[in-house]
Structure formats: structure tokens, C-alpha cells
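Notes follow once the structure below has been shown.
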Amino acid sequence: MAKVKQDKLRARLPRGFVDRSAADIRATDAMVARIRQVYERYGFDPVETPAFEYTDCLGKFLPDTDRPNAGVFSVQDDDEQWMSLRYDLTAPLARHVAENINEIQLPYRTYRAGWVFRNEKPGPGRFRQFMQFDADTVGAAGVQADAEMCMMMADTMEALGIARGDYVIRVNNRKVLDGVMEAIGLGGDENAERRLTVLRAIDKLDKFGPEGVALLLGEGRKDESGDFTKGAGLNSDAIEKVITLLDVGNISEEVIKEHPAAQARRAQGGMAGSEYEAHRADLVFGGYSRLLYSSSTGLSGQAELRTIWDLVKAAGYGDGRIRIDPSVVRGLEYYTGPVYEAELLFDVTNEKGEVVQFGSVGGGGRYDGLIKRFTGRDVPATGFSIGVSRLMTALKNLGKLGDEDVLAPVLVTVMDGDTGALGRYQQMTQTLRAAGIRAEMYQGNWKKFGNQLKYADRRGCPLAIIQGSDERAAGEIQIKDLIEGKRLSGEITDNVTWRESRPAQVTAREADLVETVRAMLAAQAEDRRAAKGN
RNA sequence: GCAGACGUAGCUCAGUUGGUUAGAGCGUCGGAUUGUGGCUCCGAAGGUCGGUGGUUCGAAUCCACCCGUCUGUACCA
């Protein structure tokens, strides 16, 4: 016997994957619906591509194509072609557009939600399968398309219940970063590797602060466990320039208020939030100018940012919802111009009650070269991605989700298991369903009646319908209010009394089934509202 | 990938310097109560002590390797 047990299969979930509960699925559906509503209102249309793509279509633009299974899940098809599970929704869109370029009317405004897969180390809140919700404009070269993306991200945050001031869309431009690297002598193909190291170091600003970034730009940095990360090896002059750039966006309130234009404005009676932001932007652009005067690439990046800023300001988004920020880096490979990301500004606590650094919940940018790989012709595009799973974790801990719990069904209990009686119970159940009330007939072993109520209780059923032969003969039913009954249970300690008093149970005419159930459910809903109010 | 910590029942954890049959609480199931949830009481099931190999008369305990989890770090399209 023991041997049989040894051979027993162990049920186990693959590392980094999760099963989703009813509550999770409902919360995700609700979130996706709200995001979709925003995208639709902006005039975007849905498209869907499969989870698998040929590996070369996903990864040709990557420098590390020689490692087909690093980071992605790949398999070989019957014909020995490599296929991979998609790791984002942008590369598949590029493939779709390129393949259908003659049928698609450009500019193509499109959105899609879907699961993506990454073969990397999972952590808390980090999975190997997660959902993204993307929007892209393909075939629009002007930065007005990028400005619109930023505004749409802001609207999406608010549609999800994140208050204005609790999030910010930070915008930068890869050309500005490239300009600074030119200025410190890292231009040219021979320095590509070091440029990448510098970008990675900059990306760590929110994690390690300016001091940590400076170490990574120089010799390197040692972490808590004593592990050493080799740095970019820049000299102190170059490090200072990069740190200065990152610091350009870090302007204190006092400095902004000392701005000459701001002082004049204040003399006339105060400064609105949008004016404060405008002065802040002026100071940021001034800082860019001082650092980038020698780089034409950098200056054109700055000009693009200026245009984006003017556009979002004109549309009323210049009140702190969207900010120019020199420390935004984003995806290291294919972005060519403006990059943007959405960041939450409130504290997020995990299951243990610890405050965690949440970072960005979505981001994107302009990728003018991605589709050209397939078509050979210029097809500029810009778009962004929202990490649905990640954002949901944040919202769940905030209590912004899970409010709209679905009510468990009314349980029609079974007192008598012969076919005739079962038919009558089934018919009652259908009558409730036809009236739009969620209901089910007990499907377990009917002979243990106590178990039926126990089942109803644990399932969270609001009501139980009971009809034994006595009630049947009288044309009646018993309706038990399980919520009220649970409340009363606190006052009864003796089991015999508890059973015989049949707490919170009413008798009704069978003909009044729907009417009585409706009234009792309405009363419970009213109680819940009242309780929430307190 | 690198560095560190940790793996005992479904869950949370005890387990003495290496010593007989590895325990508790919670949960699960059954009964007290075949037409009434909760409480209470009684009873039961549930463990290759993460795996493999080694040291030893003897290993949950010591050693090596592997697997897994967690933390930091790298990578993250």
C-alpha cells in the first residue's frame, strides 16, 4: 500500500506561474474593460495576434539572438523552425502590420490585451506569464502622436480610479540621452557596449539614488550580499555630467518659486498648479540646453520634448499629470525618440505590510525602426504598454479593486432525492434563474442535510430554500437568511436551541418564491450598504 | 547567472550534545445530532523530516551534490 503512495503524482505549479481565482479573474476583467473604454474613446481599434511567433520575427532586432532560450520560451516546430512565446505585444504588432501593410490604412491606431511570457527569475509580484494592455499608433511620424499617448496613459490611470496627483507620466527622449553620451565622448559604434552600461546605470536611479548610479558609472558597486557589479568605468568629469543631467529634473519647490517669471506671477496673486509646472519645465529645458549645446542629436531631442510639452499643456495636461524627466530610460534596444512611463506616487504595501518600491506600471515610446526590419520602408510608430497584472497588485493592496464582489447563488436544498422531488427542486431553481437571480440546486449527497447548509454557509450563499414533505403538502417553502442567521449564532451557545429555533428562517407560499427571495436579497443589500457607510 | 539564508503533516511551527514508535495548534474527515450552518465534546486520517549519496552501531540532526523557496544583485526585449 505504501508503495502506491510513493508513486503518487505530485501536483505542482510550474515556477513563476499562478492559478487565478474567481476574484482575480473578475478584477482583471473589470480593469481591462475600463482600459478598453479609454482606448476606444480615443478612436483605437482592437487586433489580436497569437501567443506564438517565429523566433526570428520576435528577436531579429535584439543583439543577443544567439541565446534563443534565454529570456524567452522557445520550441522547435515539426519543420524545425524555432517558435517562441511572445514576450511583449509590440514585436508581434510590428510583424502583423508588416505582413498586412497593403491592407492597413495608416496611421493605424490599435490596441490589444494579452498574456506575455518571459523565461526569467520570478519574484514577488513578478511572474513568467502576465498580462499587458497595449496601444499603438503606426505610421505617424510627428511627436503629436507621442503627446497623445501620454495623455491617454494619464486618462487610463484615472479611469482605473487612481486619483490625479497619485500618478505621473514621465517623459524623456532617447536623443537627449544620446546627446549627453556624445558630449562625454561615448559616440560612435565602438562605444555601443559602454553606452548600454551607462543607460542601465541611469535606469537604476530610483533604486540606488545618485550615489549608487555614480558608482555604477565609475568603477562599480557592491551590493548587500557582497556581490560586485562592474561599472562603466567613466572618469569623474563624465560621471558628473551624467549625474548633472539626471539632476536637471530634480528641482526644489523653492527654486521654482524663485524663477523670475514665477515671482512676477506671484506678485499678481499666486500661482496655479499648471503655472508651477510650466516654470518647472522651463528650468528643465534650460538645464538640457546647458548640457547639450554641443550635440545636434541632443538638441533635436530637446526640441521634440519642447513640442510634446507645449501640446500636452495646450490640452490641459500640464498640471503635473505629465512631466518632462531626464532620468527616464525605458527599453534599451529599439526606442528611437520620445520615451514615457507611468509611475504610481503612493505607497504600495505587500501582504506582509511592508512598503515596497513599485516603480513603473506602464510605459512606451517611439520605435521608428521596428517595422522597417520587415518592410524595408520607413514605418514610424509609437505606443505604450500597461502591465495589467502588476497594476492590479497595486490596486488590490489599495483596496481599489474587489469592491464589486459577486454574490454567491441562492441554494435550493434537497430534502428528498426521488426523481419527482428532484424535478420540483430543479424547477424552483429554474424559476429563480428565469427571474434573474443566481441560484443552484444542491448537487452533493442530499441525505446529510446539515452538510447542505454547511456548504451554503462556506460558499457564502445569502439564502437557502428548504421544502420537505411537510412544506410541500402545505404549498409552502422555508427561506433561511444565512447572513442574519450567522449574526444570531453569536448569541446562542446551546446547539439544541440553535437547531430548533431555526434562526432567521421564514415561511412563504411557494407561489411567492421569487417575490420573497427578491425582498430578502434587497434587505441584505441594504444592510451591506449601511455597514459600508459606517 | 552570481552571492547569501532557509526547506519537518494541507497551513503555522516544536523537536535536547547524533539515540527507541518524529510532536503541537489550526485545518480536513467521521460521530454526539438520519429535517437545519455556528459553539462544545469525542474520534480518525494525514510525514520516504525537499531529493540522492556519504560518515556512523545509529541521521530530521553531521558532510557533499542536486532540487525548491526567500532576500540581494545581474539580465529584462
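A Cβ is built for glycine as well, from the same backbone N, Cα and C atoms used for every other residue.
These numbers come from a predicted model, not from an experiment.
Summarising the annotation, TrEMBL assigns domain 'Aminoacyl-transfer RNA synthetases class-II family profile' to A:31-409.
Neighbour count (other Cβ atoms within 10 Å of the Cβ, all protein chains): 22 for A:Q132 (L-histidine binding site). Look at TrEMBL and you will find A:D88, A:L89, A:T90, A:R118, A:Q132, A:D136, A:R330, A:Y334, A:Y335 tagged as L-histidine binding site.
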Max CA to CA distance in Å over the L-histidine-binding set A:D88, A:L89, A:T90, A:R118, A:Q132, A:D136, A:R330, A:Y334, A:Y335?
22
Around the C-beta of A:R330 (L-histidine binding site), how many further C-beta atoms are within 10 angstroms, looking at every protein chain?
20
Candidates A:D88, A:T90: member of the binding-site residues with the richest Cβ shell (10 Å):
A:T90
